[in-house]
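K.L.:
Below is the structure I would like to discuss, written out as structure tokens.
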Protein chains: 2
Amino acid sequence: MIVIRDVKLLEHRGNWDILVEGNRIKRIGKNLMEKEGIDKGDVEIIDGRDMLAIPGLVNTHSHIPMTLFRGVADDIPLMEWLNNYIWKMESKLNEELVYTGTLLGAIEMIKSGTTTFNDMYFYLEGIVKGVVESGIRAVLSYGMIDLFQEERREREIKNTEKIVKRILEMNNPRVKPAIGPHAPYTCSRELLTAAHEIARRYNVPVHIHMNETLDEIRIVREKTGMRPFEYLDSIGFFKGVKVIAAHCVHLSDREMEIMEKRDVVVSHNPISNLKLGSGIAPIPELLRRDIPITLGTDGPASNNNLNLFEEVKMASLIHKGVSLDPTLVPGEISFKFATLNGGKALNLEVGVLKEGYLADIVLIDLRKPYLIPVENLKSHIVYAFKGVVDTVLIDGNVVLKDGKMVNLEEYKVYEMAERAYNKLIK
Amino acid sequence: MIVIRDVKLLEHRGNWDILVEGNRIKRIGKNLMEKEGIDKGDVEIIDGRDMLAIPGLVNTHSHIPMTLFRGVADDIPLMEWLNNYIWKMESKLNEELVYTGTLLGAIEMIKSGTTTFNDMYFYLEGIVKGVVESGIRAVLSYGMIDLFQEERREREIKNTEKIVKRILEMNNPRVKPAIGPHAPYTCSRELLTAAHEIARRYNVPVHIHMNETLDEIRIVREKTGMRPFEYLDSIGFFKGVKVIAAHCVHLSDREMEIMEKRDVVVSHNPISNLKLGSGIAPIPELLRRDIPITLGTDGPASNNNLNLFEEVKMASLIHKGVSLDPTLVPGEISFKFATLNGGKALNLEVGVLKEGYLADIVLIDLRKPYLIPVENLKSHIVYAFKGVVDTVLIDGNVVLKDGKMVNLEEYKVYEMAERAYNKLIK
């Protein structure tokens, strides 16, 4: 058992105790040790004085091994970026390098308060290994791309089935599978249908890129005569499965109607969408329609970090500025995107500090100049905070303590990442 | 003398030494102690291994005491924000509270790598005191507002003359005066003319709010028949003085022509402009016209922090997303906004690490997950960095060492700020 003592919460004034038993929050209250008759010798006590406890953040769209590509190229057109840098480096990846990138990304996420991420990439065995060792929670999908070729399609489906089975067999409460058809412009109709079928069979979510750029929408329209959401709806893609649609930058009214009707979840990635010049997603309109919104960082090659707090602030800021309306997307709403909504989207009992929920808890040291005066904490966490956290529990285990990783030797991982980069850049 | 040894620089590969003598950078080179024949006993040595040295950042638009108002209200219309919160709290300020807010802001700026700020506020004696004690560098202006009333105008001019003389008499190399007529919609023509005259007389810059919102532009047009820059140009406001124009969100072509011709410097405040729903300044167009651009945070009640690195990233991101063009405002350019351009705008030899320049130097610990791999540092500093720095020299003095303030007891300042907030909120 762990007790976090005398900690501040966003929703209530005063100091609170949080009692963690196994991987769940057992109680939240005042003076819990006395009330529950707990002996000091039986529990690990974490001093929460001058600390704020928040639920761990949920990043619903990432490509975690791309930490190794951080900063290789910026400020250039998308196709040049992909052709001359990203795809070249990706072609040199292997399981070991992906593992290294995952460890680096897990450290970065944990240290910035993200406890769960929803990832799409390849060499999944390397990602699984990094997730297990670091202590983070993840929903992992193998990114399927067939480029409309049958042989490739069969291989991609096989890869997905294999990794889904492997993850389910592990039976690790921190690792769950999802199905990851890359996007409607890179996957054939047959692959999209197969992905949907696998997701239904295993009852797991689908993770897909949707409507990120105007170009890809044009491509889908040329191929199918429909916009991407219309096309997917026409093949029954949304029936009986939870679909997490990353980006959703350019949407027609008809598409938003489909999203509403089919309970599609949006992963809003404002920073990546700005950086690649993709555009600005119509979040205020999606909010009006009650379409659930979550937040993602995308890969750190187009961001260039995994600090989800930056997305929270950006999600609140950008729509105000574009629409000349300071009341749009209030801070409390964008914080929900990154917590409660993320947990719901992934069907995990995370994203809220609540008795019975999973113990994914982040402690933030409030004695920082940018959090002073220690008032209006709901505002500070969105508009003033930098995403540097002190202590992190995931699944009831302490994985970050006083700013230091518990399960990993950070500096060793940094050296591994340096060596990996040198292999990839050659 | 101080030697920073074996430090990394943005512009060159390898490890470098920086020799500081008095308040200036004397030499930058390799193995300087040996080359210059310096005895270890004669110098303070700062270990720069695994550190990056950058010039201290220059924040060209702030209202530093507003740290005390952090987070009091967000997500509401501008006039409601001003009427119900900001003006109410400002009416309770005094010199002592302004001093407290300045200390808090100086700590926040220094810890996030800002070494110079250009501020406009009132109770300047309190600000001067905080600047002197904290070790930061500042250009300070008393914000003059007469609301077109003669009596008020005279008082404002007197206040400005008094503080300018006071600062000049102090003869502190870290504190310079500027003249701060608040804005064309709050100052009479007579006050604007007087401000211009005082600035010429003392040969100091003018700091003014320009074209922040559509509303204020409408007000000026109704009063004068001209847009704000046309109006100021018509009264000779730009002649013979350096004018730093904060915001410049909404500009006509004609106004940009005037800015070009009159060497107006822009202080771009993208985060505040988004948060208050003011809009997005036409930075790509200003760049094409070669109008100098610098960056500001504005006050921490509309941001809500003083971390200029966030403005650097935002300045590069936002224009890409709005224009669907990832090549706009490259990272190297926005970093220059915050360094070289800021120094030039304030007529100070800061903002670049160069022999003979003032020793305002920031050291960043590179062993952070978000800066790994330690490659492409020019990219990391803009797109990946969080604005948490390790060591800071200002005017040749170490003011932050291993993340701790040298001249101030931080926790005592935090307590003072807490007490100040409680007085203001009542």
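We number each residue from 1, going along the chain as drawn.
Placement of Cβ uses the backbone N, Cα and C atoms for every residue, glycine included.
Pasting the relevant annotations from TrEMBL:
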BINDING   B:His61, B:His63, B:His209, B:Asp298  Zn(2+) binding site
BINDING   B:Glu90, B:Arg152, B:His182, B:Glu212, B:Asp298  substrate binding site
DOMAIN    B:53-399  domain 'Amidohydrolase-related'
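Walk me through where these features lie, including what they touch and how far apart they are.
P.N.:
Neighbour list (B:Asp298 (Zn(2+) binding site), Cβ cut-off 8 Å, at least 6 residues apart, same chain): B:His61, B:Ser62, B:His63, B:Ala246, B:Asn269, B:Ile271, B:Ser272. Under the DSSP three-state reduction, B:Asp298 (Zn(2+) binding site) is assigned to coil, being neither helix nor strand.
Proximity of B:Glu90 (substrate binding site) to non-local residues of its own chain (separation of 6 or more, Cβ distance below 8 Å) is seen for none.
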K.L.:
Given B:Arg152 (substrate binding site) and B:His209 (Zn(2+) binding site), what distance in Å do their CA atoms have, once rounded to a whole number?
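P.N.:
If we compare the Cα positions of B:Arg152 (substrate binding site) and B:His209 (Zn(2+) binding site), the gap is 19 Å.
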K.L.:
Within 10 Å of the Cβ of B:His209 (Zn(2+) binding site), how many other Cβ atoms are there?
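P.N.:
A 10 Å sphere around the Cβ of B:His209 (Zn(2+) binding site) contains 26 other Cβ atoms.
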K.L.:
Could you tell me which of these binding-site residues, B:His61, B:His63, B:Arg152, B:His182, has the greatest number of Cβ atoms within 10 Å of its own Cβ?
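P.N.:
Answer by Cβ density within 10 Å: B:His61.
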K.L.:
Would you mind checking how many other C-beta atoms are within 10 angstroms of the C-beta on B:Glu212 (substrate binding site)?
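P.N.:
There are 26 of them.
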K.L.:
Other than B:His61, B:His63, B:His209, B:Asp298, which residues of the chain come within 8 Å of the Zn(2+) site, judged by Cβ distance to the Cβ centroid of those residues?
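P.N.:
Surrounding the site, in chain order, are B:Ser62, B:Met120, B:Ala246, B:His247, B:Ser267, B:Asn269, B:Ser272, B:Gly296, B:Gly299.
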K.L.:
Provide, as an integer number of angstrom, the distance between the C-alpha atoms of B:His182 (substrate binding site) and B:His209 (Zn(2+) binding site).
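P.N.:
Here the two Cα atoms lie 6 Å apart.
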